[in-house]
Amino acid sequence: MKARVPFIVAMLCGLAWAGNLESCASRCHEKFNRDAVCQCDRRCPQHDDCCDDYEHLCTAEEGPPEPEAFLDPEDKIPTSHLYSAPSSCQGRCREAYDKHHPCHCNDRCPEFGNCCEDFDSLCGGDHEGFSHSSDAVTKEELESISETIYRVDTNKAQKEDIVLNSQNRISPSETGNQVDRSPEPLFTYVNEKLFSKPTYAAFINLLNNYQRATGHGEHFSAQQLEEQGVFLREVMKTAVMKELYSFLHHQNRYSSEQEFVDDLKNMWFGLYSRGNDEGDSSGFEHVFSGEVKKGKVTGFHNWIRFYLQEKEGLLDYYSHNYDGPWDSYPDVLAMQFNWDGYYKEVGSVFIGSSPEFEFALYSLCFITRPGKKCHLSLGGYPLAIQTYTWDKTTYGNGKKYIATAYVVSSSQ
């Protein structure tokens with residue numbers, strides 16, 4: 001009889017455990033459990049497999065949810081492109097120490113005697129516009145300035161300005177299926193009076209200046225170059241960009257507003273080659289207007305561009321795999337769509353933001369966290385922006401162009 005006691009206890013424990021797998025008691029936000037009858041992870045509402053008590057037990061005292069991952073595989077730049085010459089300081093001045101590099105270009109390399117041979121010629125002296133190690137921007141400072149930018153964006157859309165019809169939401173595993181699950185357009189209504197505001201009008205004037213196919217060189221007329229200048233002048237009049245400049249100036253990144261504007265023009269509008277032709281792409285074209293490379297849509301992270309192309313019948317909205325937690329604009333949507341015959345697997349965009357808001361956040365992250373995930377806070381909710389540098393060619397004294405910038409998950 002005694003020999004059977006452990007067996008009976010084990011069976012009872014097993015039954016108790018099986019019972020737990022039908023409830024979220026002590027399981028809130030655990031990882032996906034394939035042995036469970038129902039789930040309690042953060043994605044279970046999306047996959048419709050939550051336990052019956054998930055909402056009661058796991059969401060009642062929950063803080064602002066973090067965005068789920070919505071990767072954009074078409075935007076990823078191979079690591080080999082981040083540094084074209086690790087034995088040189090070309091495009092690497094003031095970068096963080098990396099033990100994998102044979103020589104270094106940070107402020108302390110002279111102290112340790114491990115600078116690259118061209119450090120003095122490329123990085124020596126007082127190079128304005130570069131941050132020194134003592135001027136490093138903290139995560140808390142990024143969260144604070146992003147909240148400030150969010151607060152002062154008076155040109156953003158109001159709730160009544162945009163009516164969205166987001167329709168079908170899919171799981172991340174389905175984004176590559178290329179199935180149109182939404183019979184209606186994404187935008188039911190947009191108040192186009194927004195587009196008469198100076199920054200919107202200047203932004204829209206830039207969108208028809210590009211050929212979307214890579215491999216075809218971009219050639220700008222005098223008028224088109226002036227349109228770039230008008231856009232920069234208009235955004236710099238806004239509180240959003242004034243706050244950004246003030247922040248970067250106090251961080252010793254720029255000594256004057258003109259230096260800042262000149263750098264913005266180079267990093268965003270400077271041409272480089274993604275294809276076989278010289279000067280067929282730029283950061284602005286890729287991020288805001290969108291490109292087609294090897295039969296797929298790349299970039300295209302702007303709601304105004306999306307709306308205008310959808311209105312013309314050139315864009316077909318398929319589905320979305322992420323909808324942000326914000327109950328006002330700007331919001332974030334990660335979606336799938338067909339752009340006049342070419343598919344975008346995951347395109348994350350701010351919805352209802354002003355042009356200067358996006359331009360400011362992407363610039364902030366590129367300047368302070370180039371090639372990295374940049375953690376921000378908007379209205380109390382976390383989100384992150386991923387940027388990548390393009391330095392097969394550089395400008396100025398080895399500075400890098402923007403390859404891409406887009407919203408990603410805030411979780412690591």
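In case you wondered, yes, glycine gets a Cβ from its N, Cα and C as well.
Here Swiss-Prot flags 1-18 as signal peptide, drawing on sequence analysis.
Sequence-distant neighbours of CYS24 (disulfide bond) (same chain, 6+ residues apart, CB-CB distance under 8 A): CYS40, CYS50, CYS51, ASP53, TYR54, LEU57, CYS58. Residues or ranges marked as disulfide bond by Swiss-Prot: CYS24-CYS40 (among others).
Sequence annotations record features per position, and here Swiss-Prot assigns disulfide bond to CYS24-CYS28 (among others) based on sequence analysis.
In the three-state DSSP classification, CYS58 (disulfide bond) falls within a helix. Taken from Swiss-Prot, the feature disulfide bond applies to CYS28-CYS58 (among others), supported by sequence analysis.
Cβ neighbour count for CYS38 (disulfide bond) (all protein chains, 10 Å cutoff from its Cβ): 17. Feature annotation from Swiss-Prot assigns disulfide bond to CYS38-CYS40 (among others); the stated evidence is sequence analysis.
Look at Swiss-Prot and you will find CYS38-CYS51 (among others) tagged as disulfide bond, backed by sequence analysis. CYS38 (disulfide bond) falls outside any helix or strand according to DSSP and counts as coil.
For CYS44-CYS50 (among others), the entry in Swiss-Prot reads disulfide bond. The Cβ neighbour count for CYS44 (disulfide bond), using a 10 Å radius and every protein chain shown, is 18. According to its DSSP assignment, CYS44 (disulfide bond) is helical.
The DSSP secondary structure for CYS89 (disulfide bond) is coil. Residues or ranges marked as disulfide bond in Swiss-Prot: CYS89-CYS105 (among others).
Positions annotated as disulfide bond by Swiss-Prot: CYS89-CYS93 (among others). Within its own chain, CYS89 (disulfide bond) has CYS105, CYS115, CYS116, ASP118, PHE119, LEU122, CYS123, GLY398 as residues 6 or more apart in sequence whose C-beta sits under 8 angstroms from its own.
Per Swiss-Prot, disulfide bond is recorded for CYS103-CYS116 (among others). Classification of CYS103 (disulfide bond) by DSSP places it in coil, neither helical nor stranded.
If you look up Swiss-Prot, you'll see CYS103-CYS105 (among others) marked as disulfide bond. Around the Cβ of CYS105 (disulfide bond), a 10 Å sphere holds 27 further Cβ atoms from the protein chains shown.
Around CYS109 (disulfide bond), the same-chain residues six or more apart in sequence whose CB sits under 8 Å from its CB are CYS103, CYS115, CYS116, PHE119, listed in sequence order. The annotation disulfide bond is assigned in Swiss-Prot to CYS109-CYS115 (among others).
Annotation comment: Swiss-Prot describes CYS116-CYS123 (among others) as disulfide bond. Of all Cβ atoms in the protein chains displayed, 23 besides its own lie within 10 Å of the Cβ of CYS123 (disulfide bond).
For 138-411, the entry in Swiss-Prot reads domain 'EndoU'.
Sequence-distant neighbours of HIS286 (active site) (same chain, six or more apart, CB under 8 Å from its CB) are ARG274, THR298, GLY299, ILE402, ALA403, THR404, listed in sequence order. In the three-state DSSP scheme, HIS286 (active site) falls into the helix class. As annotated by Swiss-Prot, active site applies to HIS286 (among others), with the evidence given as sequence analysis.
According to Swiss-Prot, the feature active site maps to HIS301 (among others). Look at HIS301 (active site): DSSP puts it in coil.
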DSSP three-state assignment (helix, strand or coil) for CYS51 (disulfide bond): coil
